[in-house]
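Okay, structure first, notes after.
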Amino acid sequence: MATTIQQNVGVATSSQERAHHYDSRKPRGDSQCKAGPAVDTWHNPSLHYEEGLALATQSQDTENNKKSALDDGCSALIAMLRACGKCKDLQQGIRLHDEILKRHFLRRCSDALATMYAKCGALSKAKELLYKHHSKDLYSWTDLIAGYARQGLYHDALECFRQMQYEGLSPDAVTFACILKACGNLKASNMGKRIHDEIARQGLLGTDMVLASALVDMYAKCGALASAQQVLEELPFRNVVSWSALIAGYAQEGQGEQALHCFEQMQCEGFSPDEVTFACVLKACGTIEDVDKGKQIHEEIAKQGFLDTNIVLGSALVDMYAKCGALAKAQQVLEEMPSRNVVSWSALIAGYAQQGLGKEALNCFDQMKREGLSPNAVTYSSVLKACGSIQDIDRGEQIYDQIARQGLLGNNIVLGTAVVDMYVKCGALAKAQKVLEELPSRDAVSWSALITGFCHQGQGEQALTCFKQMLSEGLSPDAVTFSCILNTCSHLGLLEDAHMYFMAMNTKYGVKPSIEHYTCMVDLFGRAGHLDKAARVIQEMPFYDHVAVLSTLMGACRKWGDVNVGRWAFEQAVNVDKRDGSTYVIMADIYAAAGMQEDADMINFMKVENCGI
DNA sequence: TGATTCACGC
């Protein structure tokens, strides 16, 4: 069937076309570009292009009404641009751009041109047109912002958003949705909150499900889960997407129980999980190592036949079993997948590496390559961890060579750190340090890998030197760095320094001391015989479940023969958990060493009473 | 033109 250019791209006015666009969002898709007569014609460029131009030219040639004829020519070009955008036919679009310039239509076609470029992914061309012509077309701006958001160029999306508003335009629900996506991925929760306020002010949340889900997702991606949950709860309507966004947020933050709770609640409200929901829930099961729940989800997924087609879900399943330490099961799932990719394999390799099963991880790595799949930076990180875990420095170095040859270290701190850590675990600290220093950039984690190495090898001075170097690079130490540094100070007997760092970690670096850090301080003062100071550290702790810290203090009391502080710590420990036998043993020792045998016997009696042994 | 999912470093 012959289709004319008019039937295909039409000569609809822009408002008609946009109305159509807006109303038929759901069923649209690319079908027009892939099948049917319209496509065939359009994909015959010579036929199309020439016919379109002929149409535009004919219109211009009409004598009667010059002005409207000119409009028709321009409209036809605009319609053709729109078709290019729809089919992502950039080449054809560029030819139209030339034609538009030749005919001096640029002023009137610039928005349509920008939209075409935006849809074809040529974002800088689109941006140039909109900025240069101070476009007042909301849809063209939104197309560009959506393009940036799709490509992961979130800063560019925000910049365009600002410029659009600077031109006097007010965003609509679609613009807001794109900007929320950018905010979420940039973890820009303050900006996201401002957008939220504006959306609420305009009453858009009550009418637009997509926007509402985008808002939940924004807060979830920012880790502001209370806000995400609140938004979801206050929505007049929810769906599986808004629920999944929240579940994904909890899973991402490691709050697996909350994720599972939401999953239950979602089903209570009558929503059936889809493949995306299942992937989120599997991640949640992995983070809390709930293999039973994971198995249950696995059965549900299999029953619904999702595993036959969905490689993401299959990989999520491999990852869940791997994170739960059920590696045989993970491997079985991987082997039974109809097809697997580098993600599926990397999940399994990471699982083996995590459990210290370096040999198995390396076997998988080889098998993956035999299947013709190429490892990427994520795969290599896990493989390096595997080499470190079995101290296979030769294999590690071989992998490092491959990585370097592929230029993967250029901008990948995670991978660089994995190399450093591999050398550290193999005891090659000089090599580790050399790699670290040659990395294009470093962060607290990469430094900590090296610092931990020096610390564990008893080279405390070196650890502190690195720490100072790290600070001089303007980097903020994190919780792990401080644990390591406090331990180092403890072993070197640097009480004052340790105390200074301990105070600074919260006040200067915003790292809340964890029970581990308090334990370091107790150990430090305890070793030095400052038992009163150690006891004071415990008194100032904001934790309740702290038997381990108390027994650290009691160990120091045993060493220094301090019955009073020892008794105090013991009483605290019994208050927390009277069934923990270890503290009775230490207390009995303390009494016995002080020649207080009756008290020691009493403690042993209490131990039998309370702990049964 | 807009929403949810899988693998990595101390």
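In case you wondered, yes, glycine gets a Cβ from its N, Cα and C as well.
Annotations in TrEMBL come from automatic prediction, not curation.
Copied over from TrEMBL:
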| type | residues | note |
| --- | --- | --- |
| REGION | A:1-35 | region 'Disordered' |
| COMPBIAS | A:1-16 | compositional bias 'Polar residues' |
| COMPBIAS | A:17-31 | compositional bias 'Basic and acidic residues' |
| REPEAT | A:137-171 | repeat 'PPR' |
| REPEAT | A:239-273 | repeat 'PPR' |
| REPEAT | A:341-375 | repeat 'PPR' |
| REPEAT | A:376-410 | repeat 'PPR' |
| REPEAT | A:443-477 | repeat 'PPR' |
| REPEAT | A:514-548 | repeat 'PPR' |
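In the repeat 'PPR' (A:341-375), the DSSP tally of helix, strand and coil residues is 26 helix, 0 strand, 9 coil. Helix, strand and coil content of the repeat 'PPR' (A:137-171), in residues and according to DSSP, is 26 helix, 0 strand, 9 coil. Per DSSP, the secondary structure of the repeat 'PPR' (A:239-273) breaks down as 26 helix, 0 strand, 9 coil. Shown for the repeat 'PPR' (A:514-548): DSSP residue counts in helix, strand and coil, namely 24 helix, 0 strand, 11 coil. On the 0 to 100 pLDDT scale, the repeat 'PPR' (A:443-477) averages 96 in the predicted structure.
In the repeat 'PPR' (A:376-410), helix, strand and coil residues by DSSP number 26 helix, 0 strand, 9 coil. Sorting the repeat 'PPR' (A:443-477) by DSSP state (H, G, I as helix; E, B as strand; all else coil) yields 26 helix, 0 strand, 9 coil.
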